[in-house]
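Below: one structure in structure tokens.
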Amino acid sequence: MEEGSVFRSLLAILQWWGFNVTVIIMNKWIFQKLDFKFPLSVSCVHFICSSIGAYIVIKVLKLKPLIVVEPEDRWRRIFPMSFVFCINIVLGNVSLRYIPVSFMQTIKSFTPATTVVLQWLVWRKYFDWRIWASLVPIVGGILLTSVTELSFNMFGFCAALFGCLATSTKTILAESLLHGYKFDSINTVYYMAPFATMILGIPALLLEGNGILSWFDAHPSPWSALIIIFSSGVLAFCLNFSIFYVIHSTTAVTFNVAGNLKVAVAVMVSWLIFRNPISYMNAVGCGITLVGCTFYGYVRHKLSQQQQPGTPRTPRTPRNKMELLPLVNNDKLEGKV
């Protein structure tokens with residue numbers, strides 16, 4: 001590999017890590033330090049900022065070509081995806097309010113297992129035994145981490161776990177609803193974030209409106225806090241752009257390994273900032289999970305290389321059966337905000 005290519009890949013990974021970890025830490029800071037305990041509203045701010053950002057990138061700056069979607073498909077295909085997309089982001093923010101970043105990030109690593117199980121149960125899809133074997137350390141690590149978590153909160157744990165299910169559902173729905181469309185992270189946000197804002201806006205206003213007004217009156221410097229909240233929304237959109245950059249600058253294997261190391265970086269940085277207690281066995285469980293995710297990604301990659309050469313493909317036909325499997329790092333599929 002050329003030196004310039006290596007440098008470009010390294011730069012892409014570092015800026016992706018930077019945006020991802022910063023967004024996670026800022027969200028936790030908003031809930032814990034700013035005492036802004038309104039996850040629906042934080043999610044709504046992210047959706048609004050991402051909608052505006054995607055519009056500027058595609059329509060104004062024209063840095064990305066718009067993938068045209070027929071108006072009928074926007075409601076028949078994009079809207080159901082946006083609904084699950086919205087639930088996924090909200091559950092992630094809800095879990096951040098109640099449990100440490102380290103625990104939440106570890107639980108998110110459970111997504112490959114939930115996706116495989118859902119596809120097997122609902123769609124009766126066949127998976128190679130090596131895929132099932134690679135899920136064992138992921139499940140084992142999650143169990144060990146959950147049992148030994150010193151700051152365990154059942155509500156936050158359930159929110160993170162159902163967030164994994166929402167991510168898996170979105171991945172599976174994308175297979176059937178988005179046939180013929182090859183979305184990147186920016187176009188995903190362009191179409192889904194406005195729908196998500198529409199879906200979440202009224203519930204956020206009804207459920208959290210009065211609480212936000214009370215918080216605004218009681219907080220010593222509400223305007224500074226609001227700047228931080230909206231800044232997290234801007235950075236959340238920048239994260240989507242960084243995902244697009246890193247996907248096009250690295251190989252699938254590098255992306256997988258970097259995604260798992262990103263979780264380790266987020267766990268370490270969050271511990272340095274918030275000092276949440278982590279037991280030895282809890283750290284071991286997190287490590288086992290990340291190793292399991294890396295192994296799963298390796299198995300997925302090796303199986304994808306075993307496809308029969310010369311098989312004809314159409315825009316509606318996956319390259320191989322392994323394309324239908326979830327990525328360990330869900331950023332590639334999520335268009336995260």
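Each position is counted from 1, following the chain as shown.
Each Cβ is built from the backbone N, Cα and C atoms, and glycine gets one as well.
Per TrEMBL, the features are:
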DOMAIN    10-296  domain 'Sugar phosphate transporter'
TRANSMEM  6-26  transmembrane segment
TRANSMEM  38-58  transmembrane segment
TRANSMEM  78-99  transmembrane segment
TRANSMEM  129-148  transmembrane segment
TRANSMEM  154-177  transmembrane segment
TRANSMEM  189-206  transmembrane segment
TRANSMEM  226-246  transmembrane segment
TRANSMEM  253-274  transmembrane segment
TRANSMEM  280-299  transmembrane segment
Cβ under 8 Å to the transmembrane segment (154-177), counting only same-chain residues 6 or more beyond its ends: which ones?
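For the transmembrane segment (154-177), the nonlocal Cβ contacts are 77-78, 80-81, 84-85, 87-88, 91-92, 94-99, 103-104, 107-108, 110-111, 114-115, 118-119, 122-123, 146, 318, 324, 326, 330, 333-334.
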When you check the transmembrane segment (78-99) against the transmembrane segment (226-246), do you get at least 3 Cβ pairs under 8 Å, counting only pairs 6 or more apart in sequence?
no
